[in-house]
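Shown next, in C-alpha cells, is the structure this report addresses.
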Amino acid sequence: MYTSLTNRRSFIKKMAIMSAMTAAATMFPGILFAEEQEEKLPKGGNLDWKKAPCRFCGVGCGVLVGVENGKAVAVKGDPKSPVNKGLCCVKGYHSVMSIYGKDRLTKPLVKKNGKYVETSMKEALDLIASKMKTTIKDHGKDAVSIYGSGQWTIPDGYVASKLFKGCIGTNNVEANARLCMASAVTGFLTSFGLDEPMGCYEDIDHADVFILWGNNMAEMHPVLFSRLLDQRLKRGVKIIDFATRTTRTSMAADKSIIFQPQTDLAVANAICYEIIKNGWVNKSFVEKHCSFNKGLTNMGYGLEDKYKFKDKPEKIDFEAYKTFLEDYTPEKVERISGVSAKDIKYMAAYYGDPNKKVMSLWCMGMNQHTRGTWINNLVYNIHLLTGKISTPGNSPFSLTGQPSACGTVREVGTLTHKLPHGVVMKKEHREHAAKIWDVPVENIDPKPTYHTVEMFRALDRGDIKFMWIQVTNPMVTMPKLKRYRDACKKEGRFIVVSDIYPTPTTDIADVILPSAMWIEREGMYGNSERRTQYFEQMIQPSGEAMSDTWQIVEVAKRLGYEKQFYYKEETHIEEIYNEYRRHHEGKKHAMAPLEVLKTQPGAQWPYVDGKSTKWRFNSEYDPACSNGEKFHFYGKPDGKAVIWQRPYEPAPEVPDKDYPFWLCTGRVIEHWHTGSMTRRIPVLHKAMPHAYVELNPEEAKQMQIRTGDSVKLTTKRGEIILPASVNERGVPEKGQVFVPFFDENMLINDITLDAFCPISKQPDYKKCSVKVEKV
Ligand SMILES: Nc1nc2c(c(=O)[nH]1)N[C@H]1C(S)=C(S)[C@@H](COP(=O)(O)OP(=O)(O)OC[C@H]3O[C@@H](n4cnc5c(=O)[nH]c(N)nc54)[C@H](O)[C@@H]3O)O[C@H]1N2
Ligand SMILES: Nc1nc2c(c(=O)[nH]1)N[C@H]1C(S)=C(S)[C@@H](COP(=O)(O)OP(=O)(O)OC[C@H]3O[C@@H](n4cnc5c(=O)[nH]c(N)nc54)[C@H](O)[C@@H]3O)O[C@H]1N2
Ligand code: SF4
Ligand SMILES: [Mo]
C-alpha cells in the first residue's frame, strides 16, 4: 500500500548510509528538507493536504497530511509552521504509516476464561462501568484509577480528570509524564511558582551559545536541533554538549564535555561559584528579582512503599549561599565529576559574559534523576544569578518529550495533586473547578493520592483494584517492571487498556478497547513552547475504534454523570475545549479560542488580546507583569524567583565490585518509545530492528566482545541478554553501558531501578549498577 509513499529501496540505502556517516559528513542526520520530501511524495493523484501537529515528539512540528480516497498517504513539513518551517524528521515523515499496521485493534476484546473474545463496544463499555461501580461500592472511590499519557489529546485528559476528580471524587489520576516531565514541573514550581518555560523556540534565533545538559537532541528533538545547526551556519553560534555519553549530538557539537552520572549537580554549583567569584553576578537583577532558599537534604530515594517526603524551604541570604558554594570550587568538582576545572571555567565564562546570550536545553538527563528537582533548580540558579532569563536568546529551556506532555498533563493537570488551573489542596482551586464541572465542591478530594510508581505499588498491595490505561504502554516502560507486571496480574485486579495495537500492556488487560488514533479523530496537543495546536479528523477510524475522549464520556454517562457529560454535538471536542478554556481564563494562562487554532499553526498561551506570549515574566512581552519593573516573577507571592541552595548527593545505586558498571537507558531516533507504532513502519523497523547494549570500545576489546556478540546484563533485579553494539550509534564512557528501551522482546526495564526524586516522584532510568558479561 505504501510503496508509493516513498521509494523504499533508496530510503533504506540512505538510512544505512546515515548510520555509518560521521558527524563531519552529515550536518542534519534524520532530517528531511523540503526538496527531499517532495521528491518522495506520490506523483499524480489528488492529495488533499490538511494541517496537524506531528503525532510524535514534543517539538510539535506542524505537518501537512496528504489524504487521498479516505486514506492518509503522505506527510510533509508545514512551511507555515514557525516551529519547523517546512522541515520534518524521519518519524514525522513516516508517521501516517503507523496508522495502517496489519494488526490494528479494531474490536473491543474481553478476557473470558483466559481468552480474548470479541464483543460490541456497547457491551464492553457496560462491563467497564459496572466493574467501576461495584469496585467503588465494595472498596471505596480510591480503589479505581486512570493512568494516561502525554500523548493523550487535551480533551482526553480533560474528561478523565473531570470524571475521576470531579465526579467520582478520587485523585487517582496519573499520566506517564510522571516518568518524563515531573522534575521539570517541580523545578519550575520551586524556582518560579508557575509551570512551563518562560522562553520559546525563537530564543534559538537570538542565542550565541547553547549548552545542552544531557539531552541527545540530534536524535530526540531532531528538527529543533537542526535549527541550532542552521544558526551555526548563519551566525557561528557555539553548541556545547555536556553529557554522560557521546552521542550524535556530541559529534555535531562544537565541544563535547563528559561528566560522571549524577555529578551535574556539582558542576552546576561550580559554575555558580565561578560566576560569583569572578564578579559576573547581575547584581541589580538579583537584588530586585530573586530570593534565596535552602531545602532539606538526605531525603532518600523513594525506594520504600508509601514513601512520604515534604520539602521544607528555609529562607537564606546571598552571603549564606555564597559560603555554601565554597565546597564547589572547580578544582574540587573536577575530582567528583571528571570534568576538568578548565572546562567548568569555560562553561561558566559563557554564562558570565554579559555580551553573550545563552540558552540551556535539557530533557531526560536532568529529569530522570533522583535529584531531578534539584538539578532543574540549579540550572535556573545560573540564569538567575546572571539575569539571563526571559529575554530573547537568554533562556533556560526545559524540553518536553511527548506531543502533549505540556498540553494534556501539565496544563490540564492529569496528575494526582493537580487541577486544570491549580492544585486539589487549595480550596479556591477546588471551588473554581467544581463550578465549571457542575459538581458539589465536596466531591473534589483535597488530598492527593498516588503518584505513578506509588499507584502501581497500590495496585500491587490491593489498595487499587481497577485501573484504566490509555495511550501508554507501562508493561514496557515502568522501571523495575517485573514487580509491577506481577501486580497487574494479581487476582482481584481489573485492568482496562485502550490502545491501537496489541502490546505487552494489552496482554495483561481484562478489557481491551480499540482507540482511534491521532487524525482518525479530532483533538489538540500542547508542545514544549506553550503552543497549543489543533487537528481535525481527516480519516475514518479503523474498525470500531473510537477516540479515548469518547470512551471516557460514554463510561461517565453509564456511571450516572449524564448531566456533567452532556454535550450537544456528536463530536464534542469543540465543546470540551471551550469548557476547558474557562479554567485558564485570565492574563496568566488564557488559551486561544478554537477558531484561532483552526486557522493558524497553533498559539502560545497566555493568549491575551488576540496575541500569543513569547516571553513570560518580561513586561515588554507578558501582559500579566504588573509590578512596574522590566521583570516580574508573579508566580511567587513576593514576585521574586528563587535561587536554591541544593548540594550534590550521590545516586542511590552506584557501581561496586559485584555490579561494576553504570547502566543508562534511553532512545534512538528511529523509534518512538516502546516501538508499538514505529516498529510497524517498515523503513524505520529495518533501520533499527532490535535493541542492543552499547559498550565502550576499549572495554569491549578487553572483554573480547564485538558487535553482535551476546552480552548478559545483570542487576540486583534480574538479568537480560542483548547483542553488543560497539562504535555504532553512540559511545559510552568507560565503566558505563547504554541500552535503548524500544524493544518489547528485550525488556530492559525488567532490570532497571524504581528509585525516584522524592520531590517530583520521577524515576531515574538513567542510573543503576550492572554486571556485564559475554555469553
Ligand atoms: N526518536 C525519538 N524521539 C523522542 C522520543 C523517542 O522515543 N524517540 N521520545 C520523546 C520523549 S517522551 C522524551 S522524554 C525525549 C527524551 O530525550 P533525551 O532526554 O534527549 O533522550 P534520552 O535518550 O532519554 O536521554 C539520554 C541522555 O541522558 C543523559 N544522562 C544520563 N545520565 C545523566 C545524568 O546523570 N545527568 C544528566 N544531566 N544527563 C544524563 C545522557 O547524556 C544522554 O544523552 O525524547 C523525545 N523524542
Ligand atoms: N528504561 C527506560 N524507560 C523509560 C524511559 C527511559 O528513558 N528509559 N523513559 C520514560 C519516558 S520519558 C516516557 S515518556 C515513557 C513513555 O512510555 P509509554 O507511554 O508507555 O510508551 P509509548 O510507546 O509511547 O506508549 C504509547 C502507547 O499508546 C498507543 N497509542 C498510540 N496512539 C494511541 C491513541 O490515540 N489512543 C490510545 N489509547 N493508544 C494509542 C501506542 O500503541 C502505545 O502502546 O517511558 C518511560 N520509560
Ligand atoms: S522532530 Fe518531533 S515533532 Fe518534528 S517531525 Fe520529528 S518527531 Fe515530529
Ligand atoms: Mo518522555
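From the backbone N, Cα and C atoms, a Cβ is placed for every residue, glycine too.
Per TrEMBL, the feature signal peptide maps to 1-34.
The average pLDDT the prediction assigns to the domain '4Fe-4S Mo/W bis-MGD-type' (47-103) is 96. What TrEMBL records for 47-103 is domain '4Fe-4S Mo/W bis-MGD-type'.
Among the features that TrEMBL reports, [4Fe-4S] cluster binding site is placed at Cys54, Cys57, Cys61, Cys89. Annotation for Cys89 ([4Fe-4S] cluster binding site): spatial neighbours Gly30, Ile31, Leu32, Cys61, Pro222, Val223, Ile669, criterion Cβ-Cβ under 8 Å with sequence separation of six or more.
Around the Cβ of Gln368 (Mo-bis(molybdopterin guanine dinucleotide) binding site), a 10 Å sphere holds 26 further Cβ atoms from the protein chains shown. As annotated by TrEMBL, Mo-bis(molybdopterin guanine dinucleotide) binding site applies to Lys91, Gln151, Asn176, Cys180, 262-264, Met364, Gln368, Asn473, 498-499, Asp548, 665-674, Asn749, Lys766.
According to TrEMBL, the substrate binding site annotation covers Phe741. Taking all protein chains in view, 22 other C-beta atoms sit within 10 angstroms of the C-beta of Phe741 (substrate binding site).
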So which binding-site residues out of Cys61, Asp548, Val668 are up against ligand 3, CB under 6 A? Cys61
Of Cys57, Gln262, Asp548, Val668, Phe741, Lys766, listed as binding-site residues, which ones have a Cβ less than 6 Å away from ligand 2? Asp548, Phe741
Where does Lys91 (Mo-bis(molybdopterin guanine dinucleotide) binding site) sit in DSSP terms: helix, strand, or coil? helix
Express the distance between the Cα positions of Trp672 (Mo-bis(molybdopterin guanine dinucleotide) binding site) and Cys57 ([4Fe-4S] cluster binding site) as a whole number of Å. 8
For the binding-site residues Cys57, Cys61, Val668, the one whose C-beta sees the most other C-beta atoms within 10 angstroms: Cys61
Taking the Cβ of Asp548 (Mo-bis(molybdopterin guanine dinucleotide) binding site) as reference, which residues of that chain separated by at least 6 in sequence fall under 8 Å from it? Trp152, Thr153, Asp156, Gln470, Val471, Ser498, Ser515, Ala516
Taking only the binding-site residues Cys54, Cys57, Phe741, which one has a CA atom nearest to the CA atom of Gln262 (Mo-bis(molybdopterin guanine dinucleotide) binding site)? Phe741
Among Cys54, Gln262, Trp672, Lys766, the binding-site residues whose C-beta sits under 6 Å from ligand 1: Gln262, Trp672, Lys766
